[in-house]
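Q: Have a look at this one.
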């Protein structure tokens, strides 16, 4: 539970050293005439969790898919540690250290956990064939840390429970030395105990200096886990704020009405209204 | 939306213009048309060449349609040919019963019909064919005279839906009956072969040989394509050359087998002769001659329904090692094609 | 350090002995079921043929004789080769209806090359003819498959439509090449691919080579099992009980050596022995000479293709990606897998397999006709489906499909042996197909 921020005149500036881990500047993408993302800018610093909020169709998943290489932006730039990069496909994203846990998990249901863990970057023997036993051993190690009770390594992932499948998807994201992690609704299908586990994991990753984009519609989770949050509406950024500078009602106002409160830095989607005077 | 409608309309207009453009002019010369049951087999292109030559030499026009092995398509083909203004239609029927309505429609429209090689039991159609029952008789006769007179016989028949397969078998059995009744010939295998397919015939023959442990003395195969499969099966058991095999059609590969000794006989129906005769009759009929006035015409009522039709039956020529020169001199095949692989001096025609 | 158990799911309280046995040996129970069905079919046909016309088969009929089983394997090989590729295509949620027509077209092209181009150019019987035409034929098949794959992967046209078009186009193209004629005879060395006898040379490897091969395969099975055990030891996984490993090795060897024995028990027919003796000047002892056929070349080709395809499917990234794409195409894309390229390659592979089958079929018939392979696609798909490939994608095994092909051919050959009418045969095959898929669905639901 966050404390209520009272009448801050300006959003607080955080002293930072170095460029942001990720900076997406002025990103636009349109699908068949509809602007899914319209000149949106977000950034992320190492060891930080930035929450991405908004209605269904606000553009948050699309923005993040541009970062993970699933879509190609029409306009705008992406900078990693200050350097401009081009992410043409999911491989490029992974090569840059960007890992994603998708809302649908994106697991191949008919193969087992180890195969999913290494999908697209399989371990191979010196002959060039798949080294299934090595992959399984690594999978056990990773899953052992995330979900110690998990036993069903040889079964197709289709047969696992929702939480177990989630663990596999998370394992896949954290196993390859990611610098930036994108989590799209990670706790949507989880019970309270598993949600707490995810929270613990996020704190751990933050401590290791990894930057995390967290898409969630659950305000409690965002206020719990995120340092900053960005709200999008109709493809545009309404505003960005430190979670300690705003409260639930103000954020709801951003999501629903696009009203940018005093504690937040407004974006192009903010409502220009005399009532929102500083 | 409007764009779609316009495109469709333009397409329809183009199609109509194209079909109008191909409608034969009703003016000079008669229109002689052919409805083929399928063009997939070797012989029909020879028939077509012969028919076309005679039709065009008489100043008439030639049109055709290929039913690609479908009775339904053949009906549509004939209806189309009637619409296009054919005076005479020659039909190689895929299914003799199913095509009767089309024949009736033609008769009603005043279009004259000739059943070419496959009997269609419509009283107004002229039946021009090689005597298929006769072909069967010739196969059996040649087998008895030059092959085997007694022993275990296998019968590899054609497609079960093709009346010719039945006619052939009729003729074969007619000739073999005395020996069968006397117990000298035993029928050990008898099977239809889907689509007359050679590889199906090969499998049927393999299973036949297995079931009687190779105790087969002669094989009656109803055509050359299947004879190829039969010989392949016999060869795998070392029986090719000692077990006589019959065939028909005069396929090049079969004639080569006759020269090599692995096939006993190929009943040659020179389709050029058939095509020429049928085309000549078509020209006559287009000019108004009645069916009963066609040279060499007779009455034929051996079909399943017993309908009497006017028919011209042309005699086929059984080709064995002894008379291979007939096909070579007749220009049907070249000596090299027939004699490929033949040991020097073993066959007269190859010397 | 305690061994990691990688075989046990949460244990059930009471398990039947069969279940425990299956779990210990890790045998696919579905495959056992299929082998059981095959056994029932074989025994059934032998008994039935014993009624009609007794023979020297195992149970008094004519089905379970070395000769019939030898021929049966040859008859199965063409479909078996193609079905290995069809499995992968169906796993990827595609279908290929054109394989029969591609077979016909490549067969006709190979025949034309042998009889009309290379025969006259190099002289009939030249030793290079068969290899040149074989290689070109395979390249042609691969190219046709690549064309299909390009239209499907890069132009986004559904595979059903592209291959349906291919079915029609390539059959027509086959006719255009030889205008309905039968192209014969095939090159005498090429003919051996069909398993038949070319002159006095059989299209099989004979007794000695067969035994050698049998022992090599047996040794390979043992080596594989041993290697699998070693791999598990690397990471300290739980090992299969020694008795299970030994049992599997013994069963595998017994099966291979048993098959070799049966194939070696099929001897040259007397006419061929006589001809051989005549031409080589050998003398035949009074009691006759028994020369074994052994493994025939088409069966060896099918075996080799089966092993190679199984290796590709299970041990290579290519195979892994095929299954992943079949399981969840979007996930595969997001994992960075080039799904388009994989689709193209799978269809090209299928085309090449059709060309291999074309070689086997035309060599066996010793001629190429444009109707060769007609309706084969239906049997190939049926074999894959009977073998456990799910039309929904993502599931299917190579060995299952080859067993499916064997089951279907056994049915057809057995019915022909019993003199069934062709219409009856068709009906039986169709019913068996539907029944097999039904059983498969029930099995899957129970296993869940």
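For all residues, glycine too, the Cβ spot is worked out from N, Cα and C.
Quick paste from TrEMBL:
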- C:32-52: transmembrane segment (TRANSMEM)
- C:72-92: transmembrane segment (TRANSMEM)
- C:99-118: transmembrane segment (TRANSMEM)
- C:124-144: transmembrane segment (TRANSMEM)
- C:151-170: transmembrane segment (TRANSMEM)
- C:205-226: transmembrane segment (TRANSMEM)
- C:246-268: transmembrane segment (TRANSMEM)
- C:293-313: transmembrane segment (TRANSMEM)
- C:342-360: transmembrane segment (TRANSMEM)
- C:380-406: transmembrane segment (TRANSMEM)
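Help me picture these features in the structure, burial and contacts included.
A: If you look at the transmembrane segment (C:72-92), the same-chain residues 6 or more away from its ends with a CB under 8 A from one of its CBs are 99, 103, 159, 194-195, 263, 296, 298-299, 301-302, 305-306, 309, 313, 319, 322-323, 325-326, 342-343, 346-347, 349-350, 353-354, 356-357, 360-361, 364, 376, 379-381, 383-385, 387, 389-391, 393-398, 400-402, 404-406, 408-410, 413.
Beyond the transmembrane segment (C:99-118), the same-chain residues lying 6 or more positions past its ends with a Cβ under 8 Å from any Cβ of the stretch are 78, 82, 86, 126, 129-130, 132-134, 136-137, 140-141, 144-145, 166-171, 173-174, 177-178, 183-187, 190, 350-351, 354-355, 357-359, 361-362, 367-378, 380.
Listed as Cβ neighbours of the transmembrane segment (C:124-144) (distance under 8 Å, sequence separation of 6 or more from its ends, same chain) are residues 102, 105-106, 109-110, 113-114, 118, 166, 170, 187-190, 193, 348-349, 351-356, 358-359.
Here the transmembrane segment (C:151-170) has long-range neighbours at 89, 94-98, 100-102, 104-105, 144, 339-341, 343-344, 347, 377, meaning same-chain residues at least 6 beyond its ends whose C-beta is under 8 angstroms from one of its own.
Among residues of the same chain six or more beyond the transmembrane segment (C:205-226), those with a C-beta under 8 A of the stretch's C-beta atoms are 245, 248-249, 252-253, 256-257, 259-260, 263-264, 291-297, 300.
Among residues of the same chain six or more beyond the transmembrane segment (C:246-268), those with a C-beta under 8 A of the stretch's C-beta atoms are 25, 27, 66-67, 69-70, 73, 202, 207, 210-211, 213-215, 217-218, 221-222, 225, 276, 289-296, 299.
Here the transmembrane segment (C:342-360) has Cβ contacts under 8 Å with residues 77-79, 81-82, 84-86, 88-89, 92, 94, 96, 99, 102-104, 106-107, 110, 134, 137-138, 140-146, 148-150, 152-154, 159, 190, 193-195, 298, 301, 305, 318, 321-322, 325, 372-373, 376 of the same chain, all six or more residues outside its ends.
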